């Protein structure tokens, strides 16, 4: 192997190997080519392939972009073509200007495969390519690495069968679908040639390799898996062995570019290549998610057409791309999504390269501080020493402004000072305190996130406000007056300008985290650990950093925790070791995050029982408590299952008694009271209700499953990078003291007539006829009593009008026959009570009353009642109408049934056994013991019911 000068810029090699780099390296597909003016000067009138075979010219063209964009490109790629392997196999290829490569005699029939060399001597036939690589590497003098490449098997098959670039791919598709066996033979031959060709390029001086599968997008996912992916995998698998045979000891990074195969990114990441190059069809953020932490470097993927845009557009797209790939600190190489175009302007490409440098360095600056911190380093039980030493507890005042740890809060001159009371030094309160006004006031201040008042502060307030005791020191005060006085004090205190009274504490945030400042995170960010991990004592005293050290040290570092979730009939429990599981050597599972795979579950159990009402939610016991006990089969099953689930959970907890006793933490999710009682505090429970180790999950969790327990544990036990809380907008409340002190005015007292109106209407609604008669006689009221106020009862001014409008036919009968109400009285719109009848029964009641009272009682024509009728006549008419309605319903049912029967007779029926006619063999009929008449009657009844049900649905 030839020797070369040491490499000065190995950025792209380190990035391809997955190492951390100071900025993302850059190169461009077809960077040596027709868009550069110096290319045309050197090439002159030579043929393209003739230019490639001239080592001197090929080397000069390869280095041109490195010289033209001095310091902006991090690699050179040898000037050659992907079709040199078909040339070695015996194909004659011409490069036609404006058309591209054209094969003189492409493969069209399966017999054509016999006329080409399936085992070409690529070492001898392509020696010119190796000479060009060696000369170029020598001329580069270590400035940048040199890349070699080849065309991939499927792409070469396309060209060998189509004869040129294609839009329809007729012949290539014919080969793989009709000449499948021959296609695989051809693909295997080109694969073997690719492996040897790539290996010899490395021997000649290539330091990195790329395989171009330019027509991958023309295959569907299944065809890609059959005709493309296996051969790409062969190249990646066999090449290292061939390099070793040739004496190459160093690691040579290998890149695959499958243009258009967006559906196969996951498979390509598992195909054995170090780098996967992407076209512009991928969204960078989505591609990063697919990679999911695998040691794969991504390359790409700017649309080359962006170069035709303005400088502003290019800058914007470059920033989006680099940001989408995570800033380029690791596992990323900048490139186009495909090759350059001959019409591109070099100055635009230069702007692109400069912006890549600018944004790459910019994002590196703001992310480099985190490059040395992996997520595993943030595991609380084995916290990295560098991370631990960088932590300092953040304090916040009540407006969420950050206060340095060593900075003392400004002393306030307010007569009422807000102080955080140390629970250790706080004097023990007497029983009288909890009955006092001060305790009531402090409870309301606590709800409003205000600090409590001391007795001295409260006494000063009493003196300044001249307020008597709120707890009932004066017997004449009502309870409402007491509350109003308390509200006055509370409003005055709760609206004080927060600039006058502020406290400083690490707890003054609405976040579930305790926040830590660190030099390892960006400005405006902080490390956060859930408050649930800390004891109440350390949270109150601020000794949080000491507890962090304790948690990440022995014995807690080697301890265990118990996780329990119950709800909706689902239970999941797990005993988790604080020592992560070693997953090295296991088959990779890219669908589950690495940290969840590392969760070391010592014991686990899940239960599920049907306890929740379908589509309604809530447990059966909750429903019983709110609505009363339901008597149904489903409710009985749910009650039984609730008890059974509780019993199963408690039996499990008894089995885990030793784990529960030795656990450092017990995290519980049990929202309902009944669920929590199933876990803690019951008679003989391994966990007492007041056990200080019990904590609630401080975030929303999903259904109780083992995978959810693992996810929750990872979220709990890892330090998070979070945004610093924003300051609250202080808005001073203006208290209307007169409004607070005003005693609620009682409702205006009803007049005597209004009271009578209200009572009469109430008795009418309840159909209390005897009580109505008694009330009218007792108060000396007439049956024609006019309701008041008149504007509210314009349509129903009398009891008879009201009863008629509400359809109260029994009360109409009582008012007319018993109380002799006048049916001729008109309402505000000139209608009698009979005309206000809301139902036909009410109208008929007026006619029956006319017959009962006789024509002499009143002017029935003026009352618009209608002719007199007896009860028998009305009953007979109603019976006749009922029969007519039944007959009409029957007619409609029979018509519907006839249509249904006719449609059913037109359709053949099949039995479950497949026999035509619907007959079931060897099975006694359900009507076998009935007579023909009984069968007919039964079928008619069934059809009638079905038709009636359909009619009801239509109505």
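The backbone N, Cα and C atoms fix where each Cβ goes, and this holds for glycine too.
Your range for region 'Disordered', going by TrEMBL and the list 689-710, 711-732, 733-754, is 733-754. Which of 414-433, 434-453, 454-473, 474-493 counts as region 'Disordered' depends on TrEMBL, and there it is 414-433. Ranges compared are 610-637, 638-665, 778-805, and TrEMBL records region 'Disordered' for 610-637.
Remark: secondary structure over the compositional bias 'Basic and acidic residues' (932-955) totals 23 helix, 0 strand, 1 coil, with classes taken from DSSP.
Within the model, the domain 'VLRF1' (557-719) shows a mean pLDDT value of 85, rounded to a whole number.
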